[in-house]
Amino acid sequence: MRNLLSITDLSMEEIKELLKEAEYFSKGGIWIPKQQTFAVNMFYEPSTRTKSSFDVAEKKLGIEVIPFDVNFSSVSKGESLYDTVKLFEVIGANITVIRHPKDRYYDSLIGKINIPIINGGDGCGQHPTQSLLDLFTIQQEFGGFKDLQVAIIGDISHSRVARSNKDALSKLGANVVFSGPEEWFDESFLNTGDYVNIDRAVEESDVVMLLRIQNERHHHTSSMSAEEYHLKYGLTLERESRMKRNSIIMHPAPVNRNVEIADELVEAKRSRIFKQMENGVFVRMAVLKQILECGGN
Ligand code: CP
């Protein structure tokens, strides 16, 4: 694997191999690169989980992390993404993780940058390592994906998590359904699953995955209040009481408590939200290992 830009670049076998490696790391497995290795995590959009868990994953693998804060860098003087990544390449970075608000920002780098790129999220495009950690969490719970029903609920059209997960879950044999405000549904998702009403989605699914409202990507402010959204499209305590007995709650986070999910449910027995965050480190260790092991080829 040269880069990890989109979950759609991975075959079913490659996904399964990465999940196997993640499991190895989750059980205390050790791997370190043969030579001194530097990584730079370049986040042009805010992040807590993805950036911190890449930092931890890199340090656990013995990789030196080059500090980079976009707000205190020459990006504020107008330096382009290409020039910034090229700089890190020439001063010795061996791998980079990039999050950027522009969909497919990496098109301007591929073929010109000689170090591997891991996509930490591009606009409304893809978030492949989030998808892998979601898959790992589901596999831990159910042992596989075949015939599981996964409901992805909320701001579908602006969500790179929804876009990555629908492709990966369908490839692995799960049935995906979508729910949430119809105005935030994207018809291009229909090739992987149906749009259903929230009550049906919650009652029939094995995995109920809520999404944050991506206000930063909306061109118009919604007239709906947080309370109204919660009652119409959120996982309320009442809706949770109608979930299947062994079904689980997931959310990529950050969570808006009492909007897409009731405050009390974030750490409920069936919630795997903090487990997802924990698993993020193991999955990112697996991705870094695979890319570095094959020399980025
Ligand atoms: N889930 C996720 O990508 O969280 P961050 O934005 O905090 O990285």
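Any Cβ shown, glycine's included, is placed from N, Cα and C.
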Checklist entry - If TrEMBL gives Arg49, Thr50, His127, Gln130, Ala253, Pro254 as binding carbamoyl phosphate, which of Arg99, Arg104, Arg217 does it give for that site as well? => result Arg99
Checklist entry - Taking the center of the Cβ atoms of Arg49, Thr50, Arg99, His127, Gln130, Ala253, Pro254 at the recorded carbamoyl phosphate site, which other residues in this chain have a Cβ no more than 8 Å from that point? => result Ser47, Thr48, Gly120, Gly121, Val161, Pro252, Gly280
Checklist entry - What's the longest C-alpha separation between any two of Arg49, Thr50, Arg99, His127, Gln130, Ala253, Pro254, the listed carbamoyl phosphate-binding residues, in angstrom? => result 16
Checklist entry - In sequence order, which same-chain residues at least six apart have a C-beta under 8 angstroms from Gln130 (carbamoyl phosphate binding site)? => result Thr50, Gly121, Arg160, Val161, Ser164, Pro252, Gly280
